[in-house]
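A short worksheet on the structure shown next.
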Amino acid sequence: MKRTHWCGELRREHVGLEVVVNGWVHALRKVGRIVFLVVRDRSGLVQAVVTPKNPNYSLVSELSLESVVAIKGVVRLRPPNQVNPEMPTGEIEIDVKEVQVLNPAKPLPLPIFDKELMKTTSETFRLKYRYLDLRRFEMLRNLTVRAKFITALREFFNANGFIEVETPYLARSTPEGARDFLVPSRLYPGKFYSLTQSPQLFKQLLMIAGFERYYQVARCFRDEDPRADRQPEFTQFDVEMSFVTAEDVMNIVEEAMRYAFKKVFNVDLENPFPKIKYREAMDKYGIDKPDLRFELFLETVTEHVRGLIPLREGDVARALRFNFSEELTKNVEGLIKEIIPSDGKVKYVYVLRGSNDVVTNEVGLAGDLIKVFNLGIGEGLVVTSGEYIKASEAIGNLRNSLGKLLGLADKNTYKFAWVVDFPLFELDEEGRLTSMHHPFTSPKLEEIPKLDTNPLEVTAQAYDLILNGYEVGGGSIRINKRELQEKILAILGLSKDEMLDRYGFLLEALEYGAPPHGGIALGLDRLVAIALGYDNIREVIAFPKTKEMTDPMTGAPSKPPEEYLREIKWIKVLTD
């Protein structure tokens, strides 16, 4: 039987019409001898009714949940006392004439339509049966919204003269911070492709080629250490433009966000987005991706606590004070211990003053800190000390999380902002200069002379887009002259031979009329997750990896077939 209608589209105006619907058995119940069958497809639910007179009665009575069926019948109004206002199709039902069981289902291992049981189901088990997990209305909604959001962005950029161009995933390794996923070449023994961490170099080459306005929905691959909020493969909405300033790029991205959020979520975003300088963000909020939905500011209190807290030479003390409800004391304390790293690089003390007691990790200091900061009942204080950036980031991350725990952040507000004026360089753990963004970011032109005297003082033409405490985009104006690009690479410690080996193709291209250009990469997974109210991006990805970077459903990563290894004779696979 060929489908004539979707389950969720049937309404009062279809009464009297013979229809065929296809779908899954969502629910089945008997009232007396009448069988009520609820059939589901991606559009929604519809009720079908089978009486004992129907030749399919026995077949329907024995159907298992989630079996796949085709149902033919006539749409009719439900009796007034059986109308279900919770269902869009709740005014009607199908009087069944014929049923085909297209595929019976075994009992499901996952309680996909029991919300309470699903809350206690581990994420790993959900991902093992992801094809069942995706049947849930919530997951269907998430991926549908994701598709609509991508479509809206495509509409906007197409209308503004951009061309969608696909760039390679198999490329040569050009380290960009994270480790590459390597793909061995069968034809060229001892050589590898790498899966691209981003389309960065290819999109710059497209600007040199004269495309001027490009975008792409790009898959990116990064072999990073396991983290709860990371995926080894993720999706960017990638944009690049020629003959532009940083302001031009930010303006068009703002317009794109306003268009997509209005079209998909019916939300009017702030216009324009506020801009915060990197140093201001670090001073006021402790991190470069602050949640701006609430006002809670950090202070530098080095002199206030000198003599109370041990400070090493060069240490800075940062403090955050806040009001809290006493019933949340344990939650606040747990959050502090969870968020602030225990690696010894940052020391911290907290004091939570209740009406009857004081909760602290430093009993000997609590009284003094209460006096110094005049801490009232129901007030909390956290002080971190260490190198400025590390002490600030520890307490800044805590600030973002406290905002959610204490109800300071409105869940229905989308607060975008730009963070600008980043340093071009920073020091890594070994004290070596490294790019804060990537080595193709242009310095502010007026600060180029500082590259020879104090590179750490040079400001980048870089900008990050933040939303509700997350970075959702990062971009910059790029270097478009070979001499400056080589200078930056040399500062980063690359020899001439290393430059040519890694980036020779780009350096040569810059000599053939490379226009001024810049762009941005928007994190699609994170944008959609935040818009739908999730902290976990796996809720908006169809087939994500676990936080341990594995796929319980397919068993990836796995040992390759022996015949594959025989073809690539030069690779030896280590076994446990």
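Residue numbering: from 1, along the chain as shown.
Backbone N, Cα and C atoms are what each Cβ position is placed from, and that goes for glycine too.
Heads up, TrEMBL stuff is auto-annotated, nobody curated it.
Marked as domain 'Aminoacyl-transfer RNA synthetases class-II family profile' by TrEMBL: 143-544.
Taken from TrEMBL, the feature L-aspartate binding site covers GLU176, ARG222, HIS437, ARG478. Under the DSSP three-state reduction, ARG478 (L-aspartate binding site) is assigned to strand. Around the Cβ of ARG478 (L-aspartate binding site), the number of neighbouring Cβ atoms within 10 Å comes to 24.
Here TrEMBL flags 200-203 as region 'Aspartate'. Long-range contacts of the region 'Aspartate' (200-203) within the same chain, counting only residues at least 6 positions beyond its ends with a Cβ under 8 Å from a Cβ of the stretch, are 167-168, 171, 174, 176, 214, 216, 238, 240, 438, 440, 503, 506, 519, 521.
GLU224 (ATP binding site) is surrounded by 13 other CB atoms, counting those within 10 A of its CB over all protein chains shown. Annotated ATP binding site per TrEMBL: ARG222, ASP223, GLU224, GLN231, GLU471, GLY523, LEU524, ASP525, ARG526, in sequence order.
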Residue counts in helix (H, G, I), strand (E, B) and coil for the region 'Aspartate' (200-203), per DSSP?
4 helix, 0 strand, 0 coil
For GLU471 (ATP binding site) and ARG222 (L-aspartate binding site), determine the Cα separation and express it in whole Å.
17
Distance, GLU224 (ATP binding site) to HIS437 (L-aspartate binding site) (CA atoms, angstrom):
17
Three-state secondary structure, HIS437 (L-aspartate binding site) (per DSSP):
coil
Give the sequence-ordered list of residues that share a chain with ARG222 (L-aspartate binding site), lie 6 or more positions from it, and have CB atoms under 8 Å from its CB.
ALA178, ARG179, ASP180, PHE181, GLN197, ARG230, PRO232, PHE234
